[in-house]
Amino acid sequence: MAVTPSLLRLALLLLGAVGRAGPRPQGATVSLSETVQKWREYRHQCQRFLTEAPLLATGLFCNRTFDDYACWPDGPPGSFVNVSCPWYLPWASSVLQGHVYRFCTAEGIWLHKDNSSLPWRDLSECEESKQGERNSPEEQLLSLYIIYTVGYALSFSALVIASAILVSFRHLHCTRNYIHLNLFASFILRALSVFIKDAALKWMYSTAAQQHQWDGLLSYQDSLGCRLVFLLMQYCVAANYYWLLVEGVYLYTLLAFSVFSEQRIFKLYLSIGWGVPLLFVIPWGIVKYLYEDEGCWTRNSNMNYWLIIRLPILFAIGVNFLVFIRVICIVIAKLKANLMCKTDIKCRLAKSTLTLIPLLGTHEVIFAFVMDEHARGTLRFVKLFTELSFTSFQGFMVAVLYCFVNNEVQMEFRKSWERWRLERLNIQRDSSMKPLKCPTSSVSSGATVGSSVYAATCQNSCS
C-alpha cells in the first residue's frame, strides 16, 4: 500500500525525534504519542455517538461505524456520506473545512477497495497541504534520513571488510590494531543499532499507521522491546564515543611515553571502551523507567535525565579535542625541526589535521554544547545535518585511514600477491617440465634447484 503524504509526515515526526534522542524544543511539532492519545479520545467520543445516536427510521442503510480513521453515521443506500476531517490529525487546523467521504452501495453495504477488505475512503480534503512542502521540516528530515542511511550502510560495509583484513593477516596482530578492531566493532554496532531502530519504525508504519490502526501502534511504543531497541542504540552510540576516546588516549600515550606495557594498558582500554558506557547508560534507563516512562524513550522532556548520558559523552569529546590540539602542536614542532619550507609545513599540517578529525571525532566539538532544546529553525537543521552526515560516514573514513591506505596493510597484500604469483609460476614450471624425458640426474637436479630458489624467495618475501 502506498504511503500518503500525511502518513509520511507522521513517520518523519518520530524519525526526527529519534535521530538525536534529545529534549524537544518548546513549540516543536506534535509527537506521535500525543497524536495517538488524541486518536483514543476521538475513538471514545465516536463510540459514545454510535451508542447514543438514534437509528434511521426504516429501510435499508449502511451501519454506523468507526473505521479507525473517522466516525461514520448511518448512510442512506446509493449515496456518498461525508464527515469532517478528524480533529486528532496533527494538521487538523489547516483542514477545518475539509471532509472525508465514503460510499454506501445500493445493497446497504459500505464500498470496499478492489480486491481488499479495507473500506474505500476519499481522504483528499484531509491530507496535509502540499504548499511549501519543498522546504518543510519533514522534507528536510527525509533528506537527512536518506543521507545517514547511505552513510551508515557504506560505513558498515567498509568496516566489515577492514575488520576481516586485520584479522586475516597474522603479522597485523598487535595492540594498535586490536584497538582499531574494537573501534571498528563500535562503529559496526552503532550502524546496526540505527538500522534496527529504523526497521522498528518502518514496521510500525507498514502495519499500523498505513491502516490507521493507531491503538496497535501505541501498544508497540509501550512495549518493552521498543524501549530496549532505543536503550541498545544509546549504549552503542556511547561505546563508539568512548572507543574514539581510547584511540585518542593511546595516540597521546605513544607520543608522551616511550616505554609502557601495551598488554596491561589494552585491558584498561577494553574496560573504558565497553565498560564505562554501561555506568551511565544503565542508570539512564533506570531513571527513564521510574520517572519518565513514556513512549519509546525517544525524547527527553526532563533535561536533567538526558544529562546522565550527555555529560559523559561531552567529556569524551572534550578529551579527544585536547588530544587533537596536543598532537597538532607536536606535528608543528617536528615539521619546524626538520627545517622545511613554510609551504611544505602548511601542506603537511593540513594533511595531518584532516586525517585526525575523523579519527578522533573532532568535528563533534562544533555543536557539542548546543543542546537540542536550544537549537531551532536553521540552526537545528544545520546541527542535525552536520552531526548525522559526518557521524554516518565517519566509520567509512576510519576504515579507509586505519586499514585501506595503511602502509602495513598494503605491504601484507603485496606479500600475499607475490606469494601467490611465485607459487603459480612454480606450478607452471613443474607442469611444463613433466612431459620432457631427459636424463634423470640433470632434470631432477635442475628442478630441485629451481624449486629451492622459488621457495627461498617466497620465504624471504614473507619474513
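Cβ coordinates are placed from backbone N, Cα and C, and glycine is handled just like the others.
Here the structure is a predicted model, which means the values were calculated and not measured.
Annotated by Swiss-Prot as transmembrane segment, the relevant range among 41-62, 349-370 is 349-370.
Judged by Swiss-Prot topology annotation, Thr35 lies on the same membrane side as Phe381. The record in Swiss-Prot pairs Cys226 in a disulfide bond with Cys296, which is drawn from Cys126, Cys296, Cys329. Annotation in Swiss-Prot places Cys85 in a disulphide bond whose other cysteine, of Cys71, Cys104, Cys126, is Cys126. Counting Cβ pairs closer than 8 Å and at least 6 residues apart in sequence, the transmembrane segment (306-328) and the transmembrane segment (384-404) reach fewer than three and form no contact.
Here the candidates are the recorded positions Cys62, Asn82, Cys85, Cys126, Cys226, and by Cα distance the one nearest Asn115 (N-linked glycosylation site) turns out to be Cys62. Of all the disulfide-bonded residues listed (Cys62, Cys126, Cys226, Cys296), Cys226 has the fewest other CB atoms within 10 A of its CB. Around the Cβ of Arg121 (site 'Interaction with the endogenous ligand GLP-1'), 19 further Cβ atoms fall within 10 Å across all displayed protein chains. For the topological domain 'Extracellular' (202-227), the model gives a mean pLDDT of 62. Cβ neighbour count for Asn115 (N-linked glycosylation site) (all protein chains, 10 Å cutoff from its Cβ): 5. Counting residues of the topological domain 'Cytoplasmic' (165-175) by DSSP class, helix then strand then coil, yields 8 helix, 0 strand, 3 coil.
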